[in-house]
Amino acid sequence: MNQTLIQEILEVVEQAAIASAKLTGLGQKDEADAAAVEAMRLRMGKIEMKGKIVIGEGERDEAPMLYIGEEVGSGNGPGVDFAVDPCEGTNLCANNQRGSMAVLAASDTGGLFNAPDFYMNKLAAPPAAKGKVDIRNSATENLKILSNCLDLAIDELTVVVMDRARHKGLIKEIRECGAKIQPISDGDVQAAIACGFAGTGTHCLMGIGAAPEGVISAAAMRALGGHFQGQLVYDPAIAQTSEWADYTKEGNIKRLNEMGITDIDKIYEANELASGENVIFAGSGITDGLLFDGVKFEKDCTRTSSLVISTLDSTCRFTNTIHMKDGAKSISL
């Protein structure tokens, strides 16, 4: 992995965001996702690398592109593993709501946890709280610790939680402590990363979301120096999702064992979910969000707002790019 790869990966998420944004607000979530997938795959194919999708759009028989195990890139150069979500928050994009983005994590070969398509209990917090808050604690305990770490009163803290029935008890506990809740309907990657930046008004992410996106969040937080922990959820009674209506706890445990995951209750730290020597996170807004704006289409150009965090050079880059159209006559600042 090298510095050139950082710029190329930025362009990958930019192109995916632009493709998806053309369908923003049209109620076509599957089409928006497909457009992002195609654009991301096309740009990846131009990179000098031996790339491999380890977290993607599904198994080979479920997805035509960016499926798990697919090789991407020229086939020459460094080995790079990718966890991708070309249109994170497809519902958000379809309904023109905040928080949708094109996102990926990259690392050296073998450097990303091959998360199954399960759920994951997550805890994300700022760098000041790294190693101090713990997912094993109650929400009450973690809020007290976070309050001390950030030198803020508990009633000054805001916790992001997915708006799901399974979080009813968690939300009640957080509010009883005096902290504020910021509910989100979809897409917890941007919310997790926002915890790593002061001034976002977001101090913590708690609760259950998708496991693959947990790996992407972990990669970003590892590169940023923030706190992230995840624990796989395999009990349908805890996940409380219609997607698992026909699944059983015993069946899910068997699935995990077949994938080679025998310590099913293991709590993963960020550096275990993203363990490679080099880790890159890249995200580009499709719609406006906590960290950056969505795609803006103008007469002579298209504007993208993106974020790249890298351990390669210990940088965090917020990038605004103007993609000029042929024959552009006037570009405004």
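Here the Cβ of each residue, glycine as well, is placed from N, Cα and C on the backbone.
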Per Swiss-Prot, member of TYR67, TYR119 binding substrate alongside GLU88, GLY89, THR90, ARG164, ALA165, ARG166, ASP186, GLY187, ASP188: TYR119
Additional site residue, GLU173, GLU176, GLU213 [criterion: listed by Swiss-Prot with ASP85, GLU88 for Mn(2+) 2]: GLU213
Alpha-carbon distance [ARG166 (substrate binding site); GLU57 (Mn(2+) 1 binding site)] in Å: 25
Set of same-chain residues at least 6 away whose C-beta sits under 8 angstroms from GLY187 (substrate binding site): GLU88, GLY89, LEU92, GLY99, SER100, MET101, GLU213
Packing count at ARG166 (substrate binding site) (other Cβ atoms within 10 Å of its Cβ): 16
Mn(2+) 2 site, defined by ASP85, GLU88, GLU213: further same-chain residues with Cβ within 8 Å of the Cβ centre: GLY89, VAL103, GLY187, VAL189, ALA210, PRO212, ILE216
